[in-house]
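Enquirer: What follows is a single structure, and I will ask about it in a moment.
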Amino acid sequence: MSVSDFLIVIRPSSFMSVALRLKTFEMCRPVTNLFPLNNCVGYLLSFLSPVMSRSLGCFIKPKKRLPPNDVNMCQSKPLIEKLPKQATKTKAPDDLVAPVVKKPHIYYGSLEEKERERLAKGESGILGKEGLKAGIEAGNINITSGEVFEIEEHISERQAEVLAEFERRKRARQINVSTDDSEVKACLRALGEPITLFGEGPAERRERLRNILSVVGTDALKKTKKDDEKSKKSKEEYQQTWYHEGPNSLKVARLWIANYSLPRAMKRLEEARLHKEIPETTRTSQMQELHKSLRSLNNFCSQIGDDRPISYCHFSPNSKMLATACWSGLCKLWSVPDCNLLHTLRGHNTNVGAIVFHPKSTVSLDQKDVNLASCAADGSVKLWSLDSDEPVADIEGHTVRVARVMWHPSGRFLGTTCYDRSWRLWDLEAQEEILHQEGHSMGVYDIAFHQDGSLAGTGGLDAFGRVWDLRTGRCIMFLEGHLKEIYGINFSPNGYHIATGSGDNTCKVWDLRQRRCVYTIPAHQNLVTGVKFEPIHGNFLLTGAYDNTAKIWTHPGWSPLKTLAGHEGKVMGLDISSDGQLIATCSYDRTFKLWMAE
């Protein structure tokens, strides 16, 4: 039987007519007729017969082969063959025959009773054993050796993750999160999470906090809050000023300073009242003349001071000598204005930080007495006389670098600043340390005393300054505002202004009466190393910096008057003579210069 011996029979129930175009033979016949298949078309339909039989309601059946004599008779017969329904059903292929649905057997009563009846009849004998063996051999029945398989232990990791995620979502739904966005951010910050993400809104941020809490638990937030409270308490305790009982000599010194400062304060206030009575026009003209002379300042003397950079310079009280400190460990005394070397003080073995004259030196103090004090990076502090090149005495007690040293206006006390976060006050008459004051979180760099002798100001490497009342020991003002270390501090002769120079390239002016910063001078292009008020009336302010310049500023307008440019290196120290006529600057270029108005 060949492919061409098949016919397509269309079921009458489909009521469909399909035209099959055979382009090769240009013939078209309705499918409702019974026609012989071409070889190629029949070959296709042999593969597509199940699909066509389902979709078109037809099936392919073999064509009855006719004898050769009956060919003409077949062509004359009608080509439509109507099949009875029963015949169609019986001759349909197996894939079209609907499976026989077995009716379930419904058993009534107890299975236990049925099982007893079956056992009583003896049905579980040989037939049951043979059926069990046949099932085992066929692989339909598996009998284990009694091992137990724990399903819970073999749950896949994926299932465990899904279960954990469901539990987390359940916990998240039960967590109450504040609707205040600021509180949500504070909670995220306390948990160490970013307070906001790119493109995140308040609702998404709140949901993120809820998800985080569902993982770490709400107790984590409570713990962080408790830790924050403890840290705040510890910080508050750390920031509180505490006092301890000092020696009896400190009490005596405080009483002495009070008796010394009060008359000087009264005298200063009286001079301020007299100055205020001067007519405004007279004061204005005097200020204009001063500004004119300051604008005419020129460098009239420049001297190489040492082989190493010069770190500090200071005028004597009579303005006829200048002391310089060098990194070579030498301290030198120069005549003014000739700039001739008078003495070379040898005693330090390392960088000298500062050297200062006694307030009464060259005025009423004998040359054999202590006239100068110096400090170095090795923690040594030495006292000098004017008739010897060697130190008169050493002050021992510092173990780390001493940055600055300064005399009290009375000349009885000496203040030193140290890198051990403290500054000290020494009584040279009693020859002992009477005060070891802490208060800075980093090293203390500079110190200055009020003109009355009642206050001391310190500037530290922690970017803060403090004003201390020497009569009570209290910190009466906290200078907060600089962004970097404070390298210079100075009191104005008017009694209420303080200037500080910092590593943030600015100079700030503070008012003791208002207890705040009244002006910030953007002074230099590099860190400010020193500040100095004019010592008589405080009519101008001098600043020096690492930009190789020193500048003069008006008081109280704080506008620039003159830029003293001439050094080839960083300006490391500066001073103004007691009569206000001379300005000295020392530099990293190993020279010091004197400036005077024409």
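For all residues, glycine too, the Cβ spot is worked out from N, Cα and C.
Sequence annotations record features per position, and here TrEMBL assigns domain 'Pre-mRNA processing factor 4 (PRP4)-like' to 179-231. The repeat 'WD' annotation in TrEMBL covers 345-394, 395-436, 437-478, 479-520, 521-553, 564-598.
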Enquirer: If you average per-residue pLDDT over the repeat 'WD' (437-478), what number do you get?
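Expert: Mean per-residue confidence for the repeat 'WD' (437-478): 94 out of 100.
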Enquirer: In the repeat 'WD' (437-478), how many residues does DSSP call helix, how many strand, and how many coil?
Expert: 0 helix, 24 strand, 18 coil
Enquirer: Report, as numbers and ranges, which residues of the same chain sit near the repeat 'WD' (395-436): CB under 8 Å and 6 or more residues beyond its ends.
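Expert: For the repeat 'WD' (395-436), the far contacts come to 246-247, 249-250, 253, 256-257, 260, 264, 353-360, 365, 370, 373-383, 442-453, 456, 458, 460-461, 470, 473.
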Enquirer: What are the DSSP helix/strand/coil residue counts across the repeat 'WD' (345-394)?
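Expert: Across the repeat 'WD' (345-394), DSSP assigns the residues as follows: 0 helix, 19 strand, 31 coil.
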Enquirer: Could you give the residue numbers and ranges of same-chain residues that sit at least 6 residues beyond the repeat 'WD' (564-598) on either side and whose C-beta is under 8 angstroms from one of its C-beta atoms?
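Expert: For the repeat 'WD' (564-598), the sequence-distant neighbours (Cβ-Cβ under 8 Å, at least 6 residues beyond its ends) are 293-294, 296-315, 317-319, 322, 324-325, 334, 336-337, 339, 526, 529-530, 532-536, 542-552.
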